[in-house]
Structure formats: structure tokens, C-alpha cells
């Protein structure tokens, strides 16, 4: 890859010549940032009172025209940190030349879900700008002809994955001649998601002198590569929040057998041991359906996120989860667990970044992926634009349940970052398979669990360096074992064929919801709100008795939590509205007959013939 040249045809300088900023002042407010009144009005509407640390530092520097490389985690407000300066610049140019039509902002993201998220932020902040600001999301599933028509009107901002940008540059549908701002969000993921060739081609198409924003949760070798390609002496922002790296997250680990993962999950949700919204991370797509079908046996509703589902369905699931419609999401983090991300040693020493990733940690991750061939290691187009443990902004998550432990401490940190955000507390619970229990229960076994103990050691070591403790959690197995026979009944019903049927059925259902009804839902948004993704798949044999817990199985402390003490009077016969059919029969009995005169029964006997 060639490094980008500056105005004097000299390669851009390294980090030691770049200005570096750490920390953030919290006395700033949006009034001091001199933003356009229309942008401030949008901020007030969205109840943005004070900028977050990354916004307070990045926005003034961006308005000065400096390149920025910012390390800030998901949920820190980094999207607004680059969207607001871009909108401010566009509005200033439109004030001078209202007829200006040119694509001046390009925002690159690794996944479709993140592209949709960024597009919504732009729409929110540009709500009072009228027709002065137009943006387009190129990751939408539309035909090339429709996409070409969208770009023909020269939108001010284009949000896309690198692959879609290159495709539209190749057809001349997209022009970057007037580009002034380039953003690469989740920069550390862009190259590891298989966009290296696209980024290399894009670096040659970007005009000289473009202001660049690189936003990343970590400063890795991938970010260093992008910095060399696109940045000119960037200001490096390393912002530490008080809740960074999971400071507000209580971390627990449970060592158990492979089938006991399902047993403990059943007990946790059926006895309501965890209150609030939960994200369950599993290792692959089959595991997600096995767990969903298992929970269905007990009447526990959940919805699935994986790369097979249509992007519109995935986005809708996240939106509804954030609104509180669903409490449990089962997320298939197959990219990470299967090792599809490229394993590269971090050049943190050159950045001075305390990333705390040891060589041993990289080796452990590499071992878990050693069975994969180089061909398999390359992302398919289906997996390429999907990611769940990074980028997507889940809100108000009470607990992250690592049903399958990730293969590296870095991935673990990203997963638990879904909870305990914005100063709130959260919990992370991880199931770990000891080496002597691995492979004992074939139907529920997963290959990545072979290295659980080694990965756990790295996780504990890394969290200790960050000042956090991973505590063991002990269930009272004498009480849990009482539920074991019910767990065994449920697991036996979930065969491999049932999982295949469930996968096929849900994909068919979601395709109908996503494609055929898209226009209908645009015209009828109320019906979209009623669309649910946590329905029963019914691929496995449902055993009705499993949905109810007999009183003799209930622990003494748990009875009050999930049952009402005063049941009230229950009559032998139904008296409520559900008995309307019987009442109607009683009312209608005798109707329709002709009213006759009263007959004396003693005078109705006919005398027989002699």
C-alpha cells in the first residue's frame, strides 16, 4: 500500500510528529462550539446538553480543518463528533452558494447495521436544515439502477461500506472530485473485515487535501495502516472515560459442563435471576438456533441476530431491542469465534497505546482458528458486512451472557462493553468449559471451548491490568440439579434436523418481512411496530408441561419472585367473558319456535281404537 502524500509530495509524518491529546475537559458545552443555530436546535430537540469527551475535543479541532485519529469506544458519542463538523462545513458552503451540488462527505463503515445507524444520526442532526443537506446510505438492498439514481442528484454525504463505494466508482455513479471530508468509523475493523483491496483502491481515488477522521475503539496495526494512507499529521485523541474498559461492569465466570450451559441458562431466565435486557453471545449460527429452540420449550421468548438474516430484519431487531420490545437477544458472533478476523500483531508501541494485548493472547486466538484454511479465512460477502460485538449501539443492556467464551481477551472486552455504559452499571457472566469436561456431551459441544481455560487466564490477566476483577460465581447445584431432567427432555427434542428447519423457516419469514412488505411498512409505520421477531419457530417438538414449573421444584427464595401470593377465588365453573359461548346458548335456547297456545297435558292423550 502506498502512503498518502502531502501538498509537497512528501509522505505523511508518523505519530511522533503528530499532536497527541489525552483526557477531556467536561466544562465545555455546545454553545461554545459555535455551531450553526439549526444544528443547535437539533441538539436541543435530542436533549444533548453537554458534549461527551470525544465531542468536546474533536469538534473544535475538526472545525479548524485538522485530521483526527480518535480512540473512543462505541457509545461515547464519536458519531456526532464527526457528523456535526461535516454538517457545519456543508451549511457554511451552502450559505455562500445555495445552488452548490457536490458530494463533499464520505463516511465508511464496516457493516450495514452501522451504516444505518450513522445515517439516522445524520438525519437527526439535519432535521432543521431543510433541503440544504442530503445524505444517502449505499448499503441499502436496492438495485444498481436505483442506487445510480440516488447518486445522480449529488448528495452532500454518502454513507457506505468500502466495497459499495468502489462498485459505484467503477460505474461512474459516484464522483469524489469535490470530496472534502473522509470518515472511517470503527477503523480497526475495516481492514480485518476483508476490505483491504477496496481501501487500497480508494486511497488512489481520494483527492489530495481531504480532511480525514479515523474513529476506532483501539489503536491497532490496521489503524496505523489507514493513518499512513489517508492522514496528514493527524491529532491523536486518546480519551479515557470513567466507565472505559468496563469499569461499571461486574464480571463473573461460571465453570460448568457443556450441557450445564443450557441448564444454567434455563434456570437464570425461568427463575428471573437477571432483571432487564440481556445479550447472549454464542459461537455460531447453529448454536443460536439450538439455544432459541431450547428456550422455546420453556416458554421463554428470544430473538436471533446472525449474518444470514436480511439486513432490514437485523436493524429492526436492534431498534426494537433498544425500545424495550424484546428482553433477550441471542447474537451469533461467528466471525470472532471462528477466527475469520485477521490475526495481526499490534503495533501499539509506535502509538504508545496501552492496549494490553500480549503475544500469548494472539497465539491463543490463532490456535482456535488453526483448523481453518486460508480460503475459509477470507470473509464471504454474507459475513463481510455483519458484526455484532462491535459498532452497534445497544442501549440499557443489563447483562452480557457469554454462553460461548470468545477466543481472545480483546474480543471479551468488546463484548462486555455492550453493558454498563453511560455511567450505568451492568453485569457480564461467562460460561467456561474446563479441559476435563470438554467433549463429554457431543450434541452441545463446540470446538472453541477446547481453549476456554487458556483464554480465561488471559482475560483475568488483562482485566487485572485494567483494575477490574473477574470473580467466580457459584450456583447452588443441589437446587439447580432438580431442573436437570427437564433440561434433558428439552435438549433431546432439539435435533440437527430441527435446527436446519428452524434456520430455513426463519430466513423465509424474515425475507417476507424484509423485502415484500418493505414498501407497505413505509406507508404503514404503525404495523411495523407490531412486527415481532421473537415468535416461536416450532421446529422442535414442544412439550407443554415444560413451560410451567411445579411448586415442588421451586426454591424457597424463588417462589415469591415469580408467583403472586394471593391468587384469589377460583370458581369451579368459568364465569368470565371467556364463557360467552355457553351464555349465548342459554339465551338462544327456545328461540325460533312458533309460540303456541297453552295445552293441558291431561287433555292431550289420544284414546286408542278398539
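Sequential numbering from 1, following the chain as shown.
For all residues, glycine too, the Cβ spot is worked out from N, Cα and C.
Fair warning: this is a prediction, and the values are worked out from it, not measured in the lab.
Swiss-Prot lists 1-30 (among others) with the feature region 'Disordered'.
Taken from Swiss-Prot, the feature motif 'Q motif' applies to 28-56. In terms of DSSP helix, strand and coil, the motif 'Q motif' (28-56) has 17 helix, 0 strand, 12 coil.
According to Swiss-Prot, the domain 'Helicase ATP-binding' annotation covers 59-237, on the basis of sequence analysis.
According to Swiss-Prot, the feature ATP binding site maps to 72, 73, 74, 75, 76, 77, 78, 79. Remark: residue 77 (ATP binding site) has 51, 52, 54, 55 as non-local neighbours, by Cβ distance under 8 Å and separation of at least 6 in sequence.
If you look at the motif 'DEAD box' (185-188), the same-chain residues 6 or more away from its ends with a CB under 8 A from one of its CBs are 74, 78-79, 82, 107-111, 114, 118, 214-220, 222-223, 226, 390-391. Residues or ranges marked as motif 'DEAD box' in Swiss-Prot: 185-188.
Annotation comment: Swiss-Prot describes 248-478 as domain 'Helicase C-terminal'.
Annotation source Swiss-Prot lists region 'Disordered' at 349-380 (among others).
Taken from Swiss-Prot, the feature compositional bias 'Acidic residues' covers 351-363.
As annotated by Swiss-Prot, region 'Disordered' applies to 569-610 (among others).
The compositional bias 'Basic residues' annotation in Swiss-Prot covers 582-596.
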For this session: Can you see whether DSSP assigns residue 78 (ATP binding site) to helix, strand or coil?
Result: helix
Exercise. Excluding the flanking five residues on each side, which residues at least 6 beyond the ends of the motif 'Q motif' (28-56) place their CB within less than 8 Å of a CB in that stretch?
Worked result: 63, 70, 72, 76-78, 80-81, 84, 87-88, 91-92, 124-129, 237, 239, 241
Problem set entry | For the motif 'DEAD box' (185-188), residues assigned helix / strand / coil by DSSP | 2 helix, 0 strand, 2 coil
Exercise. How would DSSP class residue 73 (ATP binding site) in three states?
Worked result: coil
For this session: Would you please pick out, from the binding-site residues 73, 78, the one with the fewest other Cβ atoms within 10 Å of its Cβ?
Result: 73
For this session: Tell me the Cβ neighbour count for residue 76 (ATP binding site), meaning other Cβ atoms within 10 Å of its Cβ, over all protein chains shown.
Result: 23
